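The following features are taken from TrEMBL:
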REGION    1-97  region 'Disordered'
COMPBIAS  81-90  compositional bias 'Low complexity'
DOMAIN    153-257  domain 'SecDF P1 head subdomain'
TRANSMEM  277-297  transmembrane segment
TRANSMEM  304-328  transmembrane segment
TRANSMEM  334-355  transmembrane segment
TRANSMEM  383-401  transmembrane segment
TRANSMEM  407-432  transmembrane segment
């Protein structure tokens with residue numbers, strides 16, 4: 001079966017109010033509310049006790065059938081009117097924001113879900129003036145009563161009959177391109193318990209509109225063109241690929257009975273956030289000082305080269321973060337500070353790899369001057385490999401994670417890249433120039449005396465073995 005598209009009114013319908021039954025005057029959005037004279041009251045079908053639905057879900061609404069006109073008795077002079085409709089501006093809901101929400105919802109139901117025709121006319125006219133406003137009845141309407149509501153785009157006002165199918169009875173919805181007609185369509189499949197209801201309804205209402213409603217708003221109001229048995233129907237119209245997909249998603253996922261429970265919530269004040277940021281920066285500074293002290297104690301003068309390299313690395317990181325803040329409004333958060341602190345350790349690790357390779361060369365009997373280039377040739381492969389693994393992990397975290405984890409991954413990746421730059425452009429040149437200096441070759445200065453002593457003992461042992 002096929003239905004017409006969701007836009008436009010059927011032939012003979014009042015302009016601006018598609019889906020409004022014959023006998024109910026149309027109300028374009030923006031009109032002033034008021035009770036038109038000469039209205040015949042009538043009672044459309046509807047339940048008496050409102051029962052709130054478990055969750056807002058898309059559901060098809062049939063049109064409100066036209067009420068059978070009945071002659072209204074003329075009241076005697078001075079007698080009160082037979083039907084008490086709310087006076088415009090006096091008891092219409094939505095005017096006082098201080099009224100409790102439950103009271104406002106009940107007021108909306110009394111006006112927009114009334115079964116009295118005079119009140120329905122007033123509701124149509126009143127709702128037309130506020131289609132773009134927040135609807136307190138969203139998700140709180142009674143599906144067993146008529147409903148006066150707006151389209152999702154706020155351009156049209158509808159008077160709907162009670163619901164015949166709930167969103168939980170929609171099995172699937174998808175969008176696609178009809179190759180024969182060359183237009184995008186939305187295919188809807190109902191569950192078995194709703195398929196018979198849909199078939200009977202479409203057979204009895206050919207040529208009239210039906211509405212799919214989500215959160216008390218009409219998301220689609222196609223015209224029924226033929227009886228649709230089998231539980232499968234197709235909505236056609238002036239869809240684009242995006243609008244067809246959007247409607248299919250609303251019909252499919254809007255019917256999921258999901259509920260959420262709050263497990264934990266924490267509010268951090270601006271003062272506490274600033275204190276946490278300051279504590280993170282202090283932790284980073286303490287970590288940097290600890291690395292420098294260890295380097296000076298263990299590597300002696302070579303620790304000074306580490307300090308210079310770390311200073312250059314810190315300056316580059318700071319400069320890049322400042323530029324990113326100006327260019328793309330980047331903000332350093334606590335997770336980002338954690339990434340910077342780990343980056344300090346990664347940079348220091350590269351220095352350790354380089355210097356330990358130099359020690360290995362000296363143990364083999366080479367001098368400090370010849371050990372530096374040979375140690376660098378072996379260490380740089382390890383440094384590049386280690387940083388490549390870290391950079392890959394940071395990239396995976398950045399592209400797959402969300403929230404603060406992305407900030408951690410970004411700063412970790414940034415410091416990893418800068419580590420390679422600093423080691424190649426700062427640390428290696430400084431150590432190479434130091435190896436050319438006679439002063440730096442002294443064991444008391446470079447801290448390599450113990451390693452050189454091991455090398456001398458090995459040579460002595462080798463010489464003794466050769467003489468023996």
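Just so you know, glycine gets a Cβ as well, placed from its N, Cα and C.
Within the chain, the transmembrane segment (407-432) has long-range Cβ neighbours (under 8 A, six or more residues past its boundaries) at 302, 305-306, 308-309, 312-313, 316-317, 320, 332-333, 335-340, 342-344, 346-347, 350-351, 354, 358, 372-373, 376, 380, 383-384, 387, 390-391, 394-395, 397-398, 401. Nonlocal intrachain contacts for the transmembrane segment (383-401), taken as residues 6+ away from its ends with a CB within less than 8 angstroms of a stretch CB, comprise 339, 346, 349-350, 353-354, 408-410, 412-413, 416-417, 419-420, 423. Here the transmembrane segment (334-355) has Cβ contacts under 8 Å with residues 276-277, 280-281, 283-284, 287-288, 291, 295, 299, 302, 306, 309-310, 313, 317, 375-376, 379-380, 382-383, 386-387, 390, 394, 404-405, 407-412, 414-416, 418-420, 422-423, 427-428, 431 of the same chain, all six or more residues outside its ends.
Per-class residue totals from DSSP over the domain 'SecDF P1 head subdomain' (153-257), listed helix then strand then coil: 29 helix, 37 strand, 39 coil.
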